[in-house]
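A.B. asks: Let me give you the structure first, and then I'll get to my questions.
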Amino acid sequence: MTEPDAPPAPKHQGRLLYFVVAAASALVGGAVALAVLFLAGYRPVPVHRYEIIVTLDRKATAEQDAGVRAFLEKLPSAGSVTVTDRDELFERVRQGMQAEGIDMPDGMTAADLAVTLKISTVDPDFDCSAVSALHDTAGVDEFGVTRTRGGSGQVATLLC
């Protein structure tokens, strides 16, 4: 026999409540784990784009040119070599000077300019020792390395 004034049995809340509690716990736990990693110094490593630009000597031979190209193509994580020949460079210089309202110097020809080789690589870090041999390579007038920071886009010149 049951008492007429007894409270009814509690209703079963179902699985939805358990799912909500589990999801909230997972989100809070993940947020705490990320906060701990962030405060401990963990940061994702940014990936930068590096460009190596080599200016050949104006008197460089075809063999020296081919040797420099082969050297650049052997660099780790490097793409293909982009060549800017004298005529193309002369046209760029001429257009740039015209855009700024500057007259071309009398007697300046494409033969006065040098061939440039450019190669790009994408890496978190760049080791200058990989390109330091270019200092002593025959046919190389000068070379430079520029870094474009991943994320911010800031450009810097590296001294190698």
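The first residue you see is number 1, and the count goes up from there.
Any Cβ shown, glycine's included, is placed from N, Cα and C.
According to TrEMBL, the protein has these features:
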TRANSMEM  16-40  transmembrane segment
DOMAIN    51-142  domain 'FtsX extracellular'
A.B. asks: Give me the DSSP three-state residue breakdown of the domain 'FtsX extracellular' (51-142), ordered helix, strand, coil.
C.D. replies: 37 helix, 21 strand, 34 coil
A.B. asks: Over the domain 'FtsX extracellular' (51-142), what does the predicted model average in pLDDT?
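C.D. replies: Mean per-residue confidence for the domain 'FtsX extracellular' (51-142): 86 out of 100.
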